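Colleague: Let me give you the structure first, and then I'll get to my questions.
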């Protein structure tokens, strides 16, 4: 027996101790469990924070799993491989085998063709797929229609083997956070699309490199240092290209690399740093520097030219495919402002431009802004003196250049002529702008003679535009005179100089275009020198990367021309032009910008910030010391110029004082004579169409008094007439067994000769009778379908439906139209509606009791507003986000994005009021009230030339002739 058993008290003590030990241990375990639980929750929260969430168009939110780039997936042995990887690698291997075994004479043209095939597959093939996905979600629609991702367990998938293959392929690549069955169909479609992209991109790059290898050679007579420099520059460009691609992929990940935003959006802020601060669209611009590096290493003009073609095709892909989608997705139109608190202070600045005498005497504070721009061929107007002067002087210069001989005298004369225009353009106009900035000299000159600020602004724009055009025209003429066709022994270098020179010229043209798109007409002509600008500085387009793009890129064309001509005189001209441009920026533009915008000016642009962050500390310190020396030098020059400013101002003041639809029909008519085999059993008498719309003209207005008495009698049959742009409802009737692919199209009555077969395409003006049968967004017009009709005959069961034609499905012109019911996706006509008319009623001021041409003031404007508002609402599709509900509300942002709305409005105004406006007028005015003011103002100006009784007569019959 133990001692504890013999001693009861000891036994109780031991028992208590044993009981207390488990209690303490349990408490400790609870604390540990709590800590572990907290750690797990923290880890889960951190994991959730690291995860990316996607959102489909229908609002489904899902976790976007981590994926890897195509090179890693294909070539990294640590990554799992699947059947599609094997297929891609096999096709790549075929390229290498062809490059190795084919005869030498066949390799070059064959690989050029292979590369162009893959490049077309990239830019045209992928571009087409992305376009239809962006506009219609067509890739996702195809996946739904083919039931690619429908679980076979439901019994609805006709191809279970394909489902299992896709499941295995995709889940092998994404082992975490991804289940094939649970992922949204948009994400699965994107993953499938990625595999096609991987094949095309890899083959595109491999075929290009093999073509370069096939074409590579050492030029005859090339020295060691030239060859060494060629390889160093080429390797540097390829390395730079590789860094651009890797850094771009680091920023945008696979989501943007594979155009994921065409399928779904990610719920996080998009940040663009690194290479995206260096250049616009770096993957398509500087991201192709490696092409030119490989061309240098290959020393082949064939590789260079095919690189230029491929690069140009990539820019076309960017403009046609990506930019429209980016605008639609990330830069949608701003919500329409439904009230205007600002009365139009900016309008008052230019109201004086409309200084036509008014008989009404009304106040024109809300007069609209002018929209007659100068820049661009589309704005060329031979009724404007500036444009006429530019064209005539340029033509004179071209004729003189062509007819004069290329002697040294004329060459020197043309160079001096170009230099004089360059000095006037930079120095002369710079002095005028400086005096305008400091003293408003240019404006004061016109005010002195009773002119307005608007007149001064117009005259300045004309002077600047004429000087700009003739400065460049005279430089081109000088280059023409100095150009000599390269000799036979210099063809190699001459070709390179021409290619690089043309590239520099294209760079300057692109820079000027980007500057104009960013600044607009106001900024291009230095409008803030003339008006008190209330605009905020926005660094968009090229200004996102550079503060002054003119400093380097703005004169690139001068150096390009110098390379092409290879003339010392043109090199000196380019140097002088570059120096004058830098001086203009430093002494004219920069001081004014600092005075007007002050601290709102940023110090460093995107490129500068990136370079400063990339420099090591010693280089940064050296750069700061150099900046200090340059600042001190600049201050010295500023003091020197300030001392001579009064003399320059006096001299320049003396100089200043003393000196416009494609065919509606398809080009080839298509007559379908073969009737569908399944047409048997369908009787056209069982089909019917009826219309409902907004009527516009009564039958009593059809009789004008010019007809015979019999023709004035009202007929039983009344032709329907609907408002221009108003939606039209179509009710159809068909047999219950009608084809689900039937469709109804809208046509002009005169477009089709046959009543049995439609001969012309519908051009998008059609709606199917049943949803889900076609791949585009035509289903949007369907309202009701396949509703049983009360049986009126015992032989056929009928159904009916209703659809609406609006927006782009309408004809935006006047005329007589009809609807046609077509069978089974073909063009065989089963029924034709009664013809109806689309008409724009003319504004009849005589019957309205106002005479807007005679200055009836606000009464006339209100009458015009009342007549114009419903028409404009129709033109803007009656969309509450675009169309105004009253005369003061501004038009929606879509009007500025899509020119079709403005063209509809000006067409309606031309037929309502007889006034022909440019579409830009609609954008400038922005609401019905200003448009009404402009219409009244135009009618007032044209009143003496009107043929109507109220607006005037062509012959002054009220006054007697002198005897």
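Backbone N, Cα and C atoms are what each Cβ position is placed from, and that goes for glycine too.
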Colleague: So, in Swiss-Prot, are residue 75 and residue 263 both on one side of the membrane?
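Modeller: For residue 75 and residue 263, the topology recorded in Swiss-Prot gives the same membrane side.
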Colleague: Under Swiss-Prot, the annotation transmembrane segment belongs to which of these stretches: 140-160, 161-181, 224-244?
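Modeller: Checked against Swiss-Prot: transmembrane segment maps to 224-244.
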Colleague: For which of the residue intervals 569-589, 590-610, 611-631, 632-652 does Swiss-Prot record transmembrane segment?
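Modeller: Here Swiss-Prot associates transmembrane segment with the stretch 569-589.
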Colleague: Of the ranges 463-483, 526-546, 547-567, which one does Swiss-Prot flag as transmembrane segment?
Modeller: 463-483
Colleague: Who are the long-range neighbours of the transmembrane segment (274-294) in its own chain, taking Cβ under 8 Å and residues 6 or more past its ends?
Modeller: 208-209, 212, 233-238, 240-245, 247-248, 250-251, 303-304, 307, 310-311, 314-315, 317-318, 541-542, 544-545, 606-607, 609-610
Colleague: Which residues, given as numbers and ranges, are at least 6 beyond the ends of the transmembrane segment (110-130) yet have a Cβ under 8 Å from it?
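Modeller: Distant Cβ neighbours of the transmembrane segment (110-130) are 95, 98-99, 102, 139, 193, 196-197, 200-201, 203-204, 207-208, 210-211, 214, 259, 262, 302, 306, 309-310, 313-314, 316-317, 320-322, 325.
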Colleague: Counting Cβ pairs under 8 Å to the transmembrane segment (569-589), which of 86-106, 385-405, 413-433, 463-483 comes out on top?
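Modeller: Maximum Cβ contact count belongs to 413-433.
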Colleague: Over the topological domain 'Lumenal' (513-568), what is the model's average pLDDT?
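Modeller: Across the residues of the topological domain 'Lumenal' (513-568) the model's pLDDT averages 83 on the 0 to 100 scale.
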